[in-house]
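Engineer: Pasting the feature list from TrEMBL:
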- 185: active site, nucleophile (ACT_SITE)
- 213, 214, 215, 216, 236, 237, 238, 239: substrate binding site (BINDING)
Ligand code: ASP
């Protein structure tokens with residue numbers, strides 16, 4: 001690639017994440033690492049292809065997330081974590097920066113692709129946020145694919161719930177929701193060749209969640225935000241803190257009103273959230289085609305690509321990407 005090409009502002013750009021957490025290069029064997037990298041690459045390529053073909057940011061985000069929802073390595077769709085009661089419940093949201101239309105769903109148990117449900121809420125309902133049985137009923141009416149709840153279950157996540165419950169019994173403390181600190185939520189942000197921004201996020205939430213707990217992922221402004229005037233953001237981490245800070249909208253507001261770059265705004269808001277006691281990360285796309293990652297954990301499954309030829313996936317904080 002010639003330097004002249006690399007210096008051009010990208011015509012399109014996309015970033016994805018598959019969750020942040022305490023992963024370390026020492027504790028992850030080569031086979032597992034290669035499998036995660038391949039899964040991230042496949043999702044990144046699916047989204048990038050949509051954009052390279054002239055497609056919209058909202059279609060690119062949807063394509064990337066759908067692949068990760070079907071991959072049991074990530075905590076979304078198949079492979080979602082278990083609730084305290086031993087079921088998988090999904091949350092998702094999506095936002096179109098052109099119009100700031102948005103859609104979200106929480107607590108569904110049988111919708112194969114929660115991101116498609118969020119998108120249907122955005123495009124085919126007068127609402128922004130649907131929950132539980134009502135959301136499932138809407139999904140059925142929209143003709144979305146429904147599956148037996150066993151489709152989502154995995155042994156690894158079941159064991160994580162058992163470990164979580166054991167630790168809770170010993171400690172008698174329910175304040176720390178996350179024993180499995182590899183969060184694993186998935187998300188994508190994109191800017192298309194027309195300058196439109198989109199963001200989406202999909203998750204099973206946090207291991208052992210109960211009482212109908214809802215995290216940041218399906219909350220517009222906390223886990224997801226997109227605005228053609230500023231940015232697109234998808235978050236992953238300890239949802240309670242992301243909600244309190246309003247992480248995704250806060251990053252966009254800083255970029256829009258203070259003129260901060262994607263990286264500066266993301267670093268500042270993640271630091272603020274960390275000071276309150278939370279942890280996690282974000283992916284951010286800027287209107288100029290910039291892509292930024294910010295996280296205060298040991299790693300975040302991530303990848304980014306753009307029309308200048310950039311294309312890389314990474315896991316650990318120590319990796320240059
Ligand atoms: N943010 C998600 C939640 O709190 C968890 C995650 O990112 O993995 O539900």
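Backbone N, Cα and C atoms are what each Cβ position is placed from, and that goes for glycine too.
TrEMBL annotations: computationally assigned, not manually curated.
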Engineer: Is residue 236 (substrate binding site) helix, strand or coil when read with DSSP?
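Structural biologist: For residue 236 (substrate binding site) - judged by DSSP and reduced to three states - the answer is strand.
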Engineer: Among 185, 214, 215, 216, 237, 239, which recorded positions lie by ligand 1, judged by Cβ under 6 Å to any atom?
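Structural biologist: With ligand 1 as the reference and 6 Å as the Cβ limit, the list reads 185, 215, 216, 237, 239.
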Engineer: Would you kindly give the Cα-Cα distance separating the residue listed as 'active site, nucleophile' and residue 215 (substrate binding site), rounded to the nearest Å?
Structural biologist: 11
Engineer: Between residue 216 (substrate binding site) and residue 185 (active site, nucleophile), how many Å separate their Cα atoms?
Structural biologist: 11
Engineer: Quick one: pull the CA-CA distance for residue 237 (substrate binding site) versus residue 185 (active site, nucleophile), whole Å only.
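Structural biologist: Between the alpha carbons of residue 237 (substrate binding site) and residue 185 (active site, nucleophile) there are 8 Å.
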Engineer: What is the number of other Cβ atoms found within 10 Å of the Cβ of the residue listed as 'active site, nucleophile'?
Structural biologist: 34
Engineer: Compare the Cα of the residue listed as 'active site, nucleophile' against each of the binding-site residues 213, 214, 236, 238, 239 and report the nearest.
Structural biologist: 236
Engineer: Would you count the other CB atoms within 10 A of the CB of residue 237 (substrate binding site), including those on all shown protein chains?
Structural biologist: 32
Engineer: Applying a 10 Å Cβ distance cut-off over all chains shown, what neighbour count does residue 238 (substrate binding site) have?
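Structural biologist: I count 24 other Cβ atoms within 10 Å of it.
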